[in-house]
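Notes for the one structure printed next.
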Amino acid sequence: MAERRIIHIDMDYFFAQVEMRDNPTLKGKPVIVGGKASTRGVVSTASYEARKYGVHSAMPMSQAHKLCPNGYYVRARFDAYREASAVIMSIFKSYTDIVEPMSLDEAYLDITHLVRPDLSASKIATFIRRDIFEQTGLTSSAGVSYNKFLAKLASGMNKPNGMKVIDYNNVNDILMNLDIGDFPGVGKASKKVMHNHDIYTGKDLYDKTEFELIRWFGKRGRGLYLKARGIDHSEVKATRVRKSVGTERTFSTDVNDDEEILQKIWELSGKTAERLSKLQKSGSTVTVKLKTYQYETFSKQRSLREAVSRDIDIYNVAYDLYNDLKDPDVPIRLIGVTVGNLEQSRYENMTIYDFIER
């Protein structure tokens, strides 16, 4: 049986990063995303520049204003975050169907079945992070290990825009020297109880008996005992079977030039074909989505008699759909191409290994 390989991907300061992407004047500034200070709102996300002032998520906005009076305060735009998250989750699903989203900006991926001697889990994580950045302009951090607990722990060790692998050769050193407050799932209240029992590091936790931990923490004690030893048997729970594969891009400036847009549709058709190839799937519906400079979204879909998976076949349909949708007088800022109603491909497509190694 193959040794498990789990990736935990966590987007960096997700809400704030989306705001910086959509408003480049915010880059490098202390950005705080949340509700109004006057309505007892709380901080949803703070950029790393804002965190230097002590601002953190779940903090009352009124307190954030006191700590960082010159910060850039932005009202949360959940539609924008959900849209970015949908693209990110689709990237995950293009690699494996065994994806467990934990929130809009965080998920576990079981890639055990993809790993080969010439294709490591860390290499796959690098490709996933690359795809996220290319398609959304957002950075992410990844943790790679042989269980969920360690993958989650690893993803926070080289933030932002980093990656960490925890394996059998370094797990003991990492866990034994880890501050107890840095263990996933140990919050302020638990940390205080830990300190009351002289537990300050992973080594201190490791030295406690299972009986002691259960007595102090109840049912959680068993889990803490196992985690101190790097043990976690929980599985990545896939949420649903993939029904479509798609790719979209946001233009750096609003565009209404047909040649430029059609070139982008060709690129998106190729990228979608590559994803279908990795999954050995084809689909019998093609959808083109346009978002205008005024943030209005339009889409058009066509059902096909025969499923498609090749770039040229996808492009030919997408070309027609775009011509049906376009308004020469209305610039667009985003375009997407999606293939749906998936089925097992009848073509001799590349495997995921061929694609990744290209």
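Backbone N, Cα and C define each Cβ position, glycine as well.
If you look up Swiss-Prot, you'll see 6-187 marked as domain 'UmuC'.
Taken from Swiss-Prot, the feature Mg(2+) binding site applies to Asp10, Asp105, supported by sequence analysis. In the three-state DSSP scheme, Asp105 (Mg(2+) binding site) is classed as coil.
The site 'Substrate discrimination' annotation in Swiss-Prot covers Phe15. Long-range Cβ contacts of Phe15 (site 'Substrate discrimination') within its own chain (separation 6+, distance under 8 Å): Val33, Ser44, Thr45, Ala76, Tyr81. According to its DSSP assignment, Phe15 (site 'Substrate discrimination') is helical.
Taken from Swiss-Prot, the feature active site covers Glu106.
Put plainly, the recorded positions Asp10, Asp105, Glu106 were compared by Cβ crowding within 10 Å, and the winner is Asp105. For the pair Asp10 (Mg(2+) binding site) and Glu106 (active site), the Cα-Cα distance reads 5 Å.
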